[in-house]
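Student: Pasting a structure below so you can have a look.
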Amino acid sequence: MSFMKKRSWAIASVLLCTALGGALLAGCSGSDDKSGSSGKTTITVTYRDDGAGEKGSLYRWLTEIAADYPNKEVEIKPAPIQASEGDYFAKIALALKSKDTAPDIVTEDTFILNSDASAGYLEPLDERLKEWEDWTNGSFIEAMKKGVTASDGKVYGVPYNTDSRGLWYNKQIFKQVGLPEEWTPKNWEEVLDAARTVKEKAPDIVPIWMNMGKATGEATSMQTYEMLLYGAGERLYDDASGKWIIQSQGILDALGFVETVNKEKLGPPLSKVLNGQAGNTASREYLPQGKLAISLDGSWITGNFLDSGASPWPEYKDVLGFAPMPTSQGQAPGSITLAGGWALSIPSNAKHKDEAWEFIKYALNKENSQRLVTASGNITVRADVAKDPGYTKMPFNEIATEYLQNAEFRPAQDKYPEVSTQIQTMVESVATGTSPADAAHKYAQDVTRIVGENGVIQK
Amino acid sequence: MNAKQRKIIYRIMPYAILTLIGICFVLPLLWVMVASVDTNAMQTLKLPRAVTADNYIEVITSRENQRAFLIGLIMSLGQAVLVVILALLAAYPLSRYQMKYKKSFMLTILFMTSLPITAVMVPVYQLFLSLKLYDQIFGVILFYVASSMPYGIWMLKNFMDSVPLDLEEAAWVDGASVFTGIRKVVAPLMVPGICTVAIFTFSGSWGNFFVPYILLQNPENFPASLKLYQFFGQYGMIEYGNLAAFSIMYAIPSIVLYILSQRFMSKGFGLQGGTKG
Amino acid sequence: MSSMAAEGYSRKRNSYSWLYFMLPSIAIMLVFFIYPVFLTFFYSFTNLALTGESARELKFVGFDNYLHMFKDPTVKISIWNTLIFLFGSAVIGQQVLGFFIALLMKHKNKTFRRVIGTIVLAGWVTPEIVCALCLYSFFGDEGTLNSIITSLGIPAVTWLYTVPMLTIILANIWHGTAFSMLVFQAALDDVPSEVEEAAVVDGASRWQVLTRIIIPYIKETFTTNMMLVTLQTLGVFGLIYAMTGGGPGTSTTTLPIFMYNQAFVNYQLGYGTAISLLLLLIGIVLSLFYTRSLK
């Protein structure tokens with residue numbers, strides 16, 4: 001009798017509850033309307049939010065310049081992705097894949113820009129750039145354009161900041177152990193000698209910190225290994241032949257430096273340096289607390305010491321020095337740095353490409369890009385900003401920008417992220433006692449496996 | 001050693017061993033508890049200079065955190081309720097009817113529970129985009145329900161096997177339908193099992209950060225688990241006090257739920273006959 | 001169930017009525033779980049990538065990902081790590097320790113039972129990521145464990161660096177033992193006390209009572225619990241990821257961690273899915289092994 005009815009009633013009620021619950025929850029999940037209701041064009045800008053939310057420098061910069069944006073028909077909407085740096089790249093790649101989720105403008109790390117470009121996620125900007133005076137009249141530092149050029153030779157983004165790497169050192173400690181307070185090492189041996197002096201005279205202080213673990217990811221590859229490798233006169237990737245260099249004296253030299261630091265116990269304890277927090281431990285604890293003499297790290301670490309930073313340290317301007325990383329034997333060009341940085345790109349799946357481009361031109365003009373780098377403590381990519389007194393008065397800005405003259409970029413290659421993982425494995429194994437020759441041999445095998453027999457070259 | 005001494009030792013030994021085990025289990029908890037009431041907490045376990053609720057106040061008063069907790073609760077409770085209802089229905093024929101492929105169905109279900117969620121997340125992400133469920137809290141719940149369904153069915157089927165048939169049959173004689181039988185007779189007798197499944201699914205999704213991390217984009221939609229995960233990432237292990245307070249706050253719902261149903265749990269854990277299918 | 005009762009049931013249903021009951025759950029599982037699982041299977045034969053050239057078009061690459069896996073030395077290390085982690089934390093840790101605790105607690109003072117039970121359960125109800133935090137700070141260089149042993153005059157050990165596998169195994173034991181404890185408590189309660197008492201009267205030692213009566217009686221619980229715990233342990237990701245990130249080096253890289261790294265750090269989704277299917281295979285083999293050993 002009513003048996004069948006009751007049964008379907010029960011099923012229906014379950015479905016109804018499900019649907020109702022869904023509607024309720026959808027209501028409270030906040031609207032995701034991207035197109036705005038007032039007939040205005042909405043330009044969404046996606047960037048990485050490190051958790052600072054509306055206090056973050058990018059968010060504040062974006063809302064400030066958006067308020068002054070002359071074209072009132074366009075509304076600028078921040079669409080941050082809250083994630084760690086590594087996770088951000090994965091989330092961006094997922095978002096760029098689809099028309100539904102792709103923003104109109106996205107901030108891309110130059111590290112991943114090439115991969116995203118060859119995946120077809122990004123719009124080439126060459127045609128548009130040709131028409132933009134700022135780009136063609138030398139306002140942008142020429143070397144910085146390398147970082148946004150993909151392997152197909154096209155430009156996929158407009159850079160807005162960069163960074164350089166070098167040797168941070170604590171002048172107070174240097175004074176205490178009798179080293180010069182204005183320090184410019186000429187070659188690797190002088191760096192090691194300074195570390196040895198610290199170890200001898202102040203045994204409680206860590207002489208030199210380099211990130212050497214897999215857990216620190218790209219920091220190990222770029223701040224440590226590549227700084228050494230390029231300083232030894234070698235490259236990761238041979239542009240002429242289009243192949244990865246898997247065997248060379250330069251690789252052994254770079255690893256030799258890592259080996260020496262660990263063998264002579266000039267570095268931090270391995271338990272501290274081989275975990276994911278190592279970078280923060282060095283810049284936020286050891287350096288400000290005077291427990292570390294020399295740190296091979298990026299120009300941005302001073303951001304930690306600002307009042308708004310993670311580890312405020314007002315005295316850093318006087319206590320710290322920033323020396324260039326010398327080449328291995330002091331050969332030309334004398335010092336070396338690797339440069340990274342971020343760019344604004346337009347996704348291929350963006351809805352309003354023209355409006356997005358107009359906004360990028362406005363956002364990265366001299367005035368606005370200066371506002372951004374000043375607020376975030378980064379280095380500018382514009383030559384005109386670099387000369388501006390408002391910019392140069394920030395501690396270390398001038399010197400960090402100067403190092404960019406010899407700046408090298410990571411290979412704009414698809415396989416770079418994977419090769420980078422192998423670099424980290426190699427460096428960590430040397431740090432934990434494997435001989436450079438063995439570690440390099442394994443690296444050669446692993447890279448060959450990743451890029452294939454035809455993609456590698458020995459020197 | 002005479003018999004009496006031996007007897008005493010036999011009596012005391014288990015208490016001593018259990019106490020030792022208890023101490024081992026409680027030690028890791030100490031630090032979080034102490035650090036959560038110390039604004040200057042470090043990684044070292046040390047007595048705080050002053051006990052303060054500042055860390056808790058800071059965590060609780062943040063609107064963002066309140067929102068994250070609320071969303072987490074909606075997700076996990078919603079999931080638990082749906083799983084229990086749907087799994088109860090599905091378990092019924094598996095327990096009561098004779099079906100040809102019952103055993104293989106049960107084993108398939110069991111294996112499905114073992115597939116790492118991380119593995120299927122990318123297809124799920126693409127599916128969500130095409131179904132317009134991306135960045136929807138409800139979508140996350142649906143996925144949670146689907147992924148804990150095998151486990152729910154499996155457990156509830158086993159619980160249902162132990163509910164005697166006579167009572168149900170008596171209800172039918174009185175004119176009750178099958179559904180009324182389930183609702184009025186079977187389900188009340190299975191409260192322990194239902195609680196077990198509900199708690200298990202609740203704590204599973206309450207603790208999961210990876211699924212919402214892939215399926216949600218807007219930080220306003222983030223549940224507590226994802227907030228906590230990011231707490232680790234952003235500040236590293238620096239703001240220990242806040243981190244510890246957040247962790248404890250975050251552990252509370254699971255604990256409360258557990259305490260509420262504790263009297264049902266022990267009985268509910270019988271697995272005898274589990275593989276018979 | 002008895003055939004008599006089954007008859008009673010067949011009167012109440014037509015041959016497809018099971019469908020009504022199972023339709024909602026099967027539908028939701030089909031769409032949101034089984035379909036993605038099949039896609040995963042499919043993707044493991046493709047070059048699917050998150051970014052880079054191969055993200056541009058999906059290509060079928062046959063068994064390349066699987067061949068790649070055989071050549072990849074890290075895969076072997078990960079399998080080995082997974083098995084060690086499984087054996088240490090699931091078999092020895094949760095199963096044996098859980099049974100042991102349940103056994104010791106039998107017939108003990110009620111308050112005492114409750115206190116110890118609650119403490120053990122605290123680890124279980126604590127969410128994974130909080131567990132990771134607790135254990136991370138416990139084993140940290142300046143952590144609780146080192147404070148304790150240095151106060152006893154033993155030099156501090158860098159646990160997470162020196163014996164990382166041990167720390168994650170202990171963490172998982174801390175997190176998971178309560179489940180087995182509850183299961184065994186329920187099972188032990190079912191052992192009829194008359195049988196036990198009869199054996200004691202017949203002069204059986206405690207050991208004999210345990211091995212000849214209790215264990216055979218709850219044999220099936222052992223197998224089922226072992227299977228559940230194994231499958232749960234195989235998939236452990238968050239705990240290890242938050243505590244050690246799979247390091248130092250590859251010393252705590254289990255298959256889920258390795259899979260995550262390939263898929264979301266190296267962006268090779270196709271390869272990542274192939275690895276997760278390997279994990280699934282291990283789960284199936286072990287489960288079959290358990291069910292067989294029961295017979």
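Glycine is treated like the rest: Cβ placed from N, Cα and C.
Note that the structure is predicted; figures quoted are calculated from it, not measured.
According to TrEMBL:
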TRANSMEM  C:21-45  transmembrane segment
TRANSMEM  C:79-103  transmembrane segment
DOMAIN    C:80-290  domain 'ABC transmembrane type-1'
TRANSMEM  C:115-139  transmembrane segment
TRANSMEM  C:159-184  transmembrane segment
TRANSMEM  C:222-243  transmembrane segment
TRANSMEM  C:269-290  transmembrane segment
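Mind running through what each feature is packed against?
Tutor: Counting same-chain residues at least six beyond the ends of the transmembrane segment (C:21-45), those with a Cβ under 8 angstroms from any Cβ of the stretch are 60-63, 65-66, 269-270, 273-274, 276-277.
Same-chain residues lying 6 or more positions outside the transmembrane segment (C:159-184) and placing a CB less than 8 Å from one of its CB atoms are 81, 84-85, 88-90, 93-95, 97-99, 101-103, 117, 120-121, 123-126, 128, 131-132, 134-136, 139-141, 143, 145-146, 218, 221, 225, 228-229, 232-233, 236, 239-240, 243-244, 247-248, 251-252.
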Student: So which of C:79-103, C:222-243, C:269-290 is most in touch with the transmembrane segment (C:115-139), counting Cβ pairs under 8 Å?
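Tutor: Out of the listed stretches, C:222-243 contacts the transmembrane segment (C:115-139) most.
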Student: When you scan the chain for residues with a C-beta under 8 Å from the transmembrane segment (C:79-103), skipping those not six or more beyond its ends, what do you find?
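Tutor: For the transmembrane segment (C:79-103), the sequence-distant neighbours (Cβ-Cβ under 8 Å, at least 6 residues beyond its ends) are 116, 120, 165-166, 168-170, 172-173, 176-181, 183-185, 187-188, 210, 214, 222, 225-226, 229-230, 232-234, 236, 240, 250-255, 278-279, 282.
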